[in-house]
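TrEMBL annotations:
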- 12-34: transmembrane segment (TRANSMEM)
- 104-244: domain 'CzcB-like barrel-sandwich hybrid' (DOMAIN)
- 140-199: domain 'CzcB-like alpha-helical hairpin' (DOMAIN)
- 260-331: domain 'CusB-like beta-barrel' (DOMAIN)
- 341-401: domain 'CzcB-like C-terminal circularly permuted SH3-like' (DOMAIN)
Amino acid sequence: MRCGEAHMKRIVLFFAGMAAGIALIMLAAGWIGWPVKFPATTQETAVTGGPKVEATHEAPGHIELSEDQIRESGITLARAGGGMLKRHFLAPGSLIPDADHIGRVSVRVLATVTELRKRLGDVVEKGEIVAAIESREVADAKSEYLAARLTNDLQQTLYARQKTLVETRIVSENEFLRTRLTANDAQIKLDGARQKLFALGLSESEITDLPNQPPESLRTQFLRAPISGRVSERRVDLGGLIGREGQESELYVIVNLDDIWVDLAVSPEDISAVREGVSVKIRAIGTEDEASAGVIFVSPLLDRETRNARVIATLPNKDHRWKPGTFVTAEVPLSGAPSTVMVTKKAIQTIKGTPTVFVRDADGFEARSVRTGREDDDDIEIVAGLAAGETIAVQNTFTLKAEVEKDEAEHGHD
C-alpha cells in the first residue's frame, strides 16, 4: 500500500516538474520576442470634422516595444493629419521638336549647289555660312543693284550742284525741279534693288560689300544658318539643281533641342480640367526617365478621328537627354481634394483582410483597424478608426505586421 502511495507521489512530482519547465521556457520566450496582448474590447475612434465614424473590427493586438527597439527596427513615426489629396489623370503622347526651334536653309531662286559645308549631326551657329549656290537670278539682282547704285550716286551729285546753281539763279527753277525728280527716282530704284537682294537672303554687310567683289562672284550666293542647333536633315547633293518647280528648295533642316515639345492626346472628359501654365510630370514609356514640363497650348478643337484634344507642353532639354519620337505618358494634375485625416500608404498594412495602422502608445503600438477612403499616389484618406494628431508608424510597418500575425497564430493555437 505504501509502495503504491510512494509511486503516485513520484508521478505527481514528475508532471509538476514538467509544468514548471514549460513555464520557464515560455517566460524566456517572452523576453526574446515582442509581447503581444489581445484586448477583448473593440476600439472606436472619431475623426474630427470628418464623416460619421463606424465601429471598427476588433483590434488585432498590441505590440510592446521600447524606444530602443523602435529605433533599432528602423520604424519611423509621424502624426496623422489633414491635407490635400493630389488627383491626376494620365495622357499618352510623344516628344516632337519645338516648332519655334526648327530652321530651314532654303533658296528662293533657280540655282545649282556649289558648296555644302555641313554634314548630318554637325553643330551650327546662327548666321554661319553652311552652303553656297550659283544662280543667274542672283547675278541679275546684284547687277541691277550695282547699276542702280551708280545711277543714284550720279543723280544725287547733279541734284546737289543744281541746288547751288538755282540759288544763284544760274539755272532755271524748272530745270532744278527736273533734276530733283530724277534724283528721287534714282533713289527709289536703288531702294527697290536693295530690297530684292534682301529677299534673296543677302545680308546688309554682303550688299554693302558688293562694289568690292570681282564680277565672277556676282552669280554666287552664300547661305547662312537661320538658328543655332544641329543639322538633322540634308536634302540635296553637291551639283544638284534646286528651286525649280517640282525640285527641292531646302538644303538643310536645323533643329535646336534645348527645349522640346510634348504632344499629348487628352480625352474630352479630361480636357476641361487642363489649363495653360500647369506643370505636368512626363515619364518615358519603357524607362524610368521622368521630368516636368509646362503646358503652353490647349487646343479648343477635338480631332475628327480620335475625338481627343491636342495639348502641348514644353520640356527643358539642355542636356539633350530626351529625343523626339519618344513615346511618353503625362501625369496631369487635377484640383486637390481636401481630407481631414490622411496618412502615407506605407503606414497601411492589411491584417485578416482589414486595413490596419499601428498607433503609438505609452509602451508600444496598438494595431488598429481603419476604414479608408480616397487616395492618390502617395497618401490615403482615413474615414474611420484614426483621429488627427495621433502618432502612427509610417516606415517599416511590415515588421509590426509580421509580429502581430506570428503572435496571433501562436495565440490561436494555444
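Cβ coordinates are placed from backbone N, Cα and C, and glycine is handled just like the others.
Under DSSP, the residues of the domain 'CzcB-like alpha-helical hairpin' (140-199) split into helix, strand and coil as follows: 55 helix, 0 strand, 5 coil. Across the domain 'CzcB-like barrel-sandwich hybrid' (104-244), mean pLDDT in this model comes to 92. Per DSSP, the domain 'CzcB-like C-terminal circularly permuted SH3-like' (341-401) is made up of 8 helix, 37 strand, 16 coil.
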